[in-house]
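Report on the structure given below.
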Amino acid sequence: MANKNLGLLGEQFVTDESTYLNRRGLLKALGFGGAMAAMPAQAGVFDLFGGDDEAKSPIFQRKPLAYKTQHPKPDLILTPEQKVMTHNNFYEFGTAKTDPANNGQGMQVEPWTLKVEGEVGKPGTVDVWQWMQKAGLEERIYRMRCVEAWSMVIPWIGFELGKFLQQFEPTSRAKYVAFETLYDPEQFPGQKSRRLGGGIDYPYVEGLRMDEAMHPLTLLSVGLYGKTLAPQNGAPIRLVVPWKYGFKGIKSIVKIKLVEKMPPTTWNLLASGEYGFYANVNPAVDHPRWSQATERFIGAGALSVKRQPTLPFNGYGEQVASLYTGMDLKKFY
Ligand SMILES: Nc1nc2c(c(=O)[nH]1)N[C@H]1C(S)=C(S)[C@@H](COP(=O)(O)O)O[C@H]1N2
Ligand SMILES: [Mo]
C-alpha cells in the first residue's frame, strides 16, 4: 500500500508541480511542514485536504450521454470531476477513499439488469443500458453531504425514481422501497473479506419511504459530468437523494423491491445508534462521535477545501420538509 501511494504521489508531483507547491505551503502553514518527507506514506494526512488526486487516472471508459440541462442552473460551485472520481465511499472495493477508484477499474458493468418486484402490478426486469437511451436523461446539480462531514456538489445525470417506478404500477400496499447492490465477491474484494469490506454484511441494502422515493428530487443516476458513471461512483446505476446523508445513495443497484414494512438498511444494521433509517441531513442532530453542524466542502485545489455550515435537509428543506411534518427528527434520525 505504502509503495503504491509513493509511486502515485511521485507521478502527481511531476505532472502538477503547482498543486504540489501550493499544498506544501498549506501544509507548512498548518504545521505539517517538517513532516513532508514522510507524507507520501500517510494517505490519511492528505485526506485532510479532500483526499484528492491520489488515485491512478481511471482506465475505465465512460461513455458520453445525451441529456437535458437544468434551467436555471443552481448557483453552486461544483466539485471538480477528478475529485468526484477519486474520493469515494464504496466499501465493496475497500474502505479507504482511494480504494474504489484504484480497485474498481475492472468492474463488469455492461450488460446490467435491474429487477423491480414486490408490491407492483407489473414486476419487471430492466436492461439498464437500453433504458438509458429512452429514459429522457437530465442533469441535476445537487449538493452531496456525507455523514462523515465532508461534502461535494455533483452534476449528476439521471431520471426521477418516482417516474421510473410508476411504470411498474405500485400497489396500495407499497409503503417503502428497498434497494440492493450487486453481490459478487469475485468483483468486490470487500465482499470476500470482512476486514477489507468494513465489517458490512453484503449485499449493501438501502431503503426509502414511498413518498421519499416518489419525490421529484430523488434520482436514479446513470452518469455525472456528462458521461456514464465509473465503477467507483456506482456504475451503471445508483440512487441519489440530495437531502439525505450520502450513505442512502446506494450504488450499483440490481434490485428494487416495493414493500409494506420498513426495510433493513446497511448502516443502521451496522450501528443503529449512529445511523438511522431516515438519515436526513440535520445540523441540529450530531453524530454520537462528531458534530454535524459544519462540513468540509471539497472544491477545486487544496486551498479551496473549506468548512461551511451544514444546512437542514442539506439545503432542500423548502422542497422536502413537509414530508416530515409532525415527526420528531431527533428521534427519527
Ligand atoms: N453499495 C454501496 N453504496 C454506497 C456506499 C457503499 O459503501 N456501498 N457508500 C455510500 C456513502 S457513505 C457515500 S458518501 C456515497 C458516496 O458516493 P460517491 O463516492 O459517488 O461520492 O455512496 C454511498 N453508497
Ligand atoms: Mo458517506
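Glycine too: its Cβ is placed from the backbone N, Cα and C atoms.
Annotation note: Thr181 (Mo-molybdopterin binding site) sits in a strand segment as assigned by DSSP. In this view, Thr181 (Mo-molybdopterin binding site) is surrounded by 25 other Cβ atoms within 10 Å of its Cβ, with every protein chain counted. What TrEMBL records for Asn88, Tyr91, Glu92, Cys146, Thr181, Asn233, Arg238, Gly249, Ile250, Lys251 is Mo-molybdopterin binding site.
If you take every residue in the domain 'Oxidoreductase molybdopterin-binding' (108-267) and average the pLDDT, you get 98. Among the features that TrEMBL reports, domain 'Oxidoreductase molybdopterin-binding' is placed at 108-267.
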Exercise. Would you mind checking how many other C-beta atoms are within 10 angstroms of the C-beta on Arg238 (Mo-molybdopterin binding site)?
Key: 23
Exercise. Around the Cβ of Asn88 (Mo-molybdopterin binding site), how many other Cβ atoms lie within 10 Å? Please give the count over every shown protein chain.
Key: 26
Quiz prompt | Chain-internal residues, separated by at least six, CB under 8 A from Ile250 (Mo-molybdopterin binding site) | solution = Phe179, Glu180, Thr181, Tyr204, Val205, Glu206, Gly234, Arg238, Leu239
Quiz item: How many other Cβ atoms are found within 10 Å of the Cβ atom of Glu92 (Mo-molybdopterin binding site), counting all protein chains shown?
Solution: 31
Quiz item: Of the binding-site residues Asn88, Thr181, Arg238, Ile250, which ones put their CB under 6 Å from ligand 1?
Solution: Asn88, Thr181, Ile250
